[in-house]
């Protein structure tokens, strides 16, 4: 029996709670299969009125596996709490987590350092539709600036569709990102312990214009192509770009970088996810499996990486 006790932290109260519950349940089961002592921590779940400080302070554990998605589980809040407690945890530190969670801030930074990312406008609160129509070219992507799992995202083909898309995005965040739509192919690159894994090409069915929440978690007709079909040279270019984007934000441990390739062959970084899904439909386990890692191997590697980084400081 492994003497390491892992607190698997999942649930939370973001719009991605259901995805997190599935991720956390699978992670906990995998760790138990490997002989770890596991404590399930469903934030704001069965423990009732307890807040995260109480929930985490009332248990004894060696390392936390953060299986939270969105909200305070991904924006650095829980990471900061664990840091103050002196507990190692999977994934990035508080500052990098919060930075990456804010898509607009990340894109602004990437533009400043020369990492290609689609043109965008960001609005805090009141949205200036006239400015969008004046300065942006349709089609556009409208999405919450600080949400994941493509929740609240819409493709907007013309001005008449804009109001409804804004209403949809504003259900999840007061900050709205309006982004140039890149026509082309979508890829995602998993990074584990500062190593970029083989890219996966995402090919939703004709029924899904975007790789949205439904295409990710509910539909069974999305194609995941790995190998992704790129030449060796282009695949290496993509991996290097994804790794540069990941490192630039200060990410550690693991993450996933989403990238579009326009019809002229150029790559455009969309966002970096510092707490990716670990469900049966999730992309990181797919990339790990292609590299010869079972789900249990992957989960154990992330835990051991967290412990190793805590020793290094």
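Glycine is no exception: its Cβ is also placed from the backbone N, Cα and C atoms.
As written in TrEMBL, here are the features:
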ACT_SITE  16  active site
ACT_SITE  149  active site
ACT_SITE  282  active site
BINDING   258, 271  Mg(2+) 1 binding site
BINDING   271, 273  Mg(2+) 2 binding site
DOMAIN    107-304  domain 'ATP-grasp'
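Comparing residue 16 (active site) with residue 282 (active site), their Cα atoms are 13 Å apart once rounded. Comparing the recorded positions 273, 282 by how many other C-beta atoms lie within 10 angstroms of each C-beta, the top residue is 273. Its Cβ placed at the centre, residue 271 (Mg(2+) 1 binding site) has 22 other Cβ atoms within 10 Å.
In this structure the C-alpha atoms belonging to residue 273 (Mg(2+) 2 binding site) and residue 258 (Mg(2+) 1 binding site) are separated by 8 Å. Long-range Cβ proximity for residue 258 (Mg(2+) 1 binding site), meaning a same-chain Cβ under 8 A and a gap of 6 or more residues, is found for 186, 187, 188, 269, 270, 271, 272, 273. Confidence for the domain 'ATP-grasp' (107-304), expressed as mean pLDDT, is 91. According to DSSP, residue 273 (Mg(2+) 2 binding site) sits within a strand segment.
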